[in-house]
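Asker: Feature table excerpt (Swiss-Prot):
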TOPO_DOM  35-660  topological domain 'Lumenal'
REGION    73-92  region 'Disordered'
COMPBIAS  78-90  compositional bias 'Basic and acidic residues'
CARBOHYD  Asn119  N-linked glycosylation site
BINDING   Arg177, Thr488, Asn490, Glu509, Asp512, Ser540, Ser541, Gly562, Gly563  L-glutamate binding site
CARBOHYD  Asn191  N-linked glycosylation site
CARBOHYD  Asn270  N-linked glycosylation site
CARBOHYD  Asn298  N-linked glycosylation site
CARBOHYD  Asn454  N-linked glycosylation site
CARBOHYD  Asn517  N-linked glycosylation site
Amino acid sequence: MLLCNRKVPKTLNTCFILHIFTLLTLGVLVSGMPSKMVSFASQETLQRINNLLRGSANRDVDIIAEYLKKDDDDDGGDKDHHNIDIDPLPRRPSLTPDRQLLKVGLHGAISSDLEVCSNLTINEVLLKFPGSNAADAAVTQALCKGMVNFFNSGIGGGGYVVFSGKDDEDHLSIDFREKAPMDSHKFMFENCSLCSKIGGLAVGVPGELMGLYRLFKERGSGQVDWRDLIEPVAKLGSVGWQIGEALGATLELYEDVFLTLKEDWSFVLNSTHDGVLKEGDWIKRPALSNMLMELAKNGSVAPFYDPDHWIAKSMIDTVAKYNGIMNLQDVSSYDVHVTKPLSMKIRKGANFIPDNDMTVLTSSGSSSGAALLAALRIMDNFQNQEGGDYEKETTYHLLESMKWMASARSRLGDFEGEALPKHIEEVLDPEWALKAVKSIKRNSQDGNFKTLENWTLYDPAYDINNPHGTAHFSIVDSHGNAVSLTTTINLLFGSLVHDPKTGVIFNNEMDDFAQFNKSNSFELAPSIYNFPEPGKRPLSSTAPTIVLSELGIPDLVVGASGGSRITTSVLQTIVRTYWYNMPILETIAYPRIHHQLLPDRIELESFPMIGKAVLSTLKEMGYTMKEVFPKSVVNAIRNVRGEWHAVSDYWRKRGISSVY
């Protein structure tokens with residue numbers, strides 16, 4: 001019987017119990033370390049799980065109970081939320097960022113979370129093969145990130161990429177988001193909502209490899225072989241590398257989990273198998289390395305998706321072991337969604353770039369690119385203000401645009417083909433933005449700025465989904481090409497399912513679907529556009545973006561990780577760049593602001609840095625505020641007078657850019 005796909009049986013198997021144990025023992029990350037443990041489930045759900053566990057000899061209920069604490073978050077929302085989508089690093093913005101974290105390149109640049117991967121990509125691809133381009137480099141960069149920071153991305157997941165070339169017809173958007181298995185249906189998590197987060201049922205069909213291969217075939221330089229892009233990463237996994245701060249801290253957080261699941265996760269354990277490897281230790285991933293070498297020799301990704309190949313068979317066996325429903329047909333039938341990027345003009349004749357049309361390219365498909373464009377269209381009705389960051393009027397405009405953007409996101413969902421569905425066309429219609437602009441102007445008469453008194457006035461259509469996790473990188477090359485790519489396995493270590501034969505860590509992307517008959521605490525129904533269906537991709541908050549100058553040259557390449565904070569972080573980065581005329585270093589380092597409409601409050605990364613005067617002004621406008629642990633990570637590259645200024649979000653994830 002497939003667990004959670006129907007009524008939960010009275011006797012749970014061992015692996016499911018261990019996964020429930022895993023979910024309940026992870027903690028909220030405070031000041032970079034798990035200083036207090038908080039359950040991720042409601043008290044009702046916990047009681048149901050405890051009742052099930054009482055009949056098991058595998059785990060004493062009392063051991064689990066000591067980890068359970070009352071959820072004291074005051075957001076008024078669903079208590080089944082969690083904070084297991086971000087690494088446990090100390091994260092803090094900066095008003096005085098170190099200038100050495102701004103990297104300046106004459107030929108090209110890579111902005112990502114991992115300097116080791118950016119250096120490897122530049123040396124082994126862009127410099128080793130002079131004719132290679134950003135699309136080629138993106139393959140190596142993505143695979144390297146999944147190899148090293150395997151807690152938040154990898155070939156067991158999926159994502160989105162936007163490519164821009166010299167000509168308009170070169171621009172491309174690829175949706176390689178995971179797909180729901182063909183046996184999926186909207187009732188599948190009705191009896192066990194936690195099963196969308198952990199175990200085999202949480203796994204969507206991985207798409208990262210197919211997406212990277214399609215990018216390579218469609219927009220690669222043709223001057224480098226597929227094998228040349230894969231081998232450097234395979235060799236890294238074979239030889240190994242020194243564990244950095246982010247991976248070390250995340251492994252430490254999950255130590256009890258991996259000791260419990262040591263049979264499948266032995267590669268993260270020390271030589272005596274009584275603990276995980278630590279920061280500074282040497283780690284190898286031989287299984288993944290061997291599998292990548294097989295793909296390199298094959299010259300394609302065919303073995304990964306071939307139902308008769310040992311790679312695909314091993315993956316399916318592993319997912320089935322943990323009660324998953326993904327089968328060989330799901331894997332063999334997976335395809336990506338290739339379209340032109342969504343695009344629009346901004347800042348025509350704006351104060352600081354006279355007579356200049358900036359073209360914004362962003363992702364289509366199941367991403368939130370359409371919502372980002374809707375917010376930019378709203379913001380484009382308001383004037384620039386140099387130095388306007390956290391000024392009264394500009395901040396009001398930005399916050400209200402964020403709230404309307406959340407309303408737009410509630411209408412989004414996966415679709416196929418080039419034509420946009422009516423519910424997505426609606427939010428891209430200038431009339432929709434005009435409605436928001438009129439509301440903003442009506443409530444800011446004579447300098448008296450007021451947010452709308454009730455969130456319902458922003459007209460969200462459905463519950464606003466809250467995705468998690470993610471990793472992003474931006475690349476520009478010496479030929480004028482750019483890549484903005486965001487990829488994820490969703491929560492930390494995805495579904496916690498690892499195939500020790502192939503080295504694949506599987507996503508838990510099924511958690512990003514809406515759950516049928518489960519309205520949120522604000523009585524908003526789940527989105528009809530985002531229910532689990534066979535072959536469907538769940539809605540993502542991802543919005544990898546490239547901004548082109550009037551000459552068609554990449555001017556800003558940007559994207560973010562951080563779940564629902566992705567779109568607001570990308571929006572604020574673009575607004576700071578083109579509305580406030582801020583340098584890219586300060587744009588990324590400074591504290592960020594976030595509003596997703598529900599819960600109806602502003603989230604601020606640092607009250608002290610923003611200051612009492614600004615906080616008082618926001619309160620007068622009618623906003624409720626909460627200081628939060630920084631959760632979004634932005635990696636971007638800016639064209640400054642022909643030079644590439646690359647900045648990674650060191651302040652939130654220790655990223656350092658690389659240039660050449």
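Including glycine, each Cβ sits where the backbone N, Cα and C put it.
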Asker: What is the number of other Cβ atoms found within 10 Å of the Cβ of Asn298 (N-linked glycosylation site)?
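Answerer: For Asn298 (N-linked glycosylation site), the 10 Å Cβ neighbour count is 16.
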Asker: Since the record lists Asn191, Asn270, Asn454, Ser541, Gly563 as recorded positions, which of them has the fewest other Cβ atoms within 10 Å of its Cβ?
Answerer: Asn454
Asker: Sequence gap of 6 or more, C-beta under 8 Å: which same-chain residues meet both conditions with respect to Arg177 (L-glutamate binding site)?
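Answerer: In sequence order, Gly158, Gly159, Tyr160, Gly204, Gly207, His337, Gly365, Ser366, Ser367, Asp414, Glu509, Arg537, Pro538, Ser540 meet the Cβ cut-off.
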Asker: To the nearest whole angstrom, state the Cα distance for the pair Asn191 (N-linked glycosylation site) and Ser541 (L-glutamate binding site).
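Answerer: The Cα atom of Asn191 (N-linked glycosylation site) is 26 Å away from the Cα atom of Ser541 (L-glutamate binding site).
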Asker: Would you count the other CB atoms within 10 A of the CB of Asn490 (L-glutamate binding site), including those on all shown protein chains?
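Answerer: For Asn490 (L-glutamate binding site), the count of other Cβ atoms within 10 Å is 33.
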Asker: If you compare CA-to-CA distances from Asn298 (N-linked glycosylation site) to each of the binding-site residues Asn490, Asp512, Gly563, which comes out shortest?
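Answerer: Nearest candidate: Asn490.
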Asker: Looking only at Cβ atoms, how many others are within 10 Å of the one on Asp512 (L-glutamate binding site)?
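Answerer: Other Cβ atoms found within 10 Å: 27.
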Asker: As a test of reading the model: what is the averaged pLDDT for the topological domain 'Lumenal' (35-660)?
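Answerer: Result for the topological domain 'Lumenal' (35-660): average pLDDT 89.
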Asker: Restricting to the chain of Asn119 (N-linked glycosylation site) and a gap of 6 or more, list residues whose Cβ falls under 8 Å of its Cβ, or answer none.
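Answerer: The list for Asn119 (N-linked glycosylation site) reads Ser658, given in order along the sequence.
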Asker: Considering Cα atoms only, can you say which of Asn454, Asp512, Ser541 is the nearest neighbour of Asn270 (N-linked glycosylation site) among these recorded positions?
Answerer: Asp512
Asker: Compute the C-alpha separation of Asn490 (L-glutamate binding site) from Asn454 (N-linked glycosylation site), stating it in Å without decimals.
Answerer: 31
Asker: To the nearest Å, how far is the Cα of Gly563 (L-glutamate binding site) from the Cα of Asn454 (N-linked glycosylation site)?
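Answerer: Roughly 24 Å, rounded to the nearest whole number.
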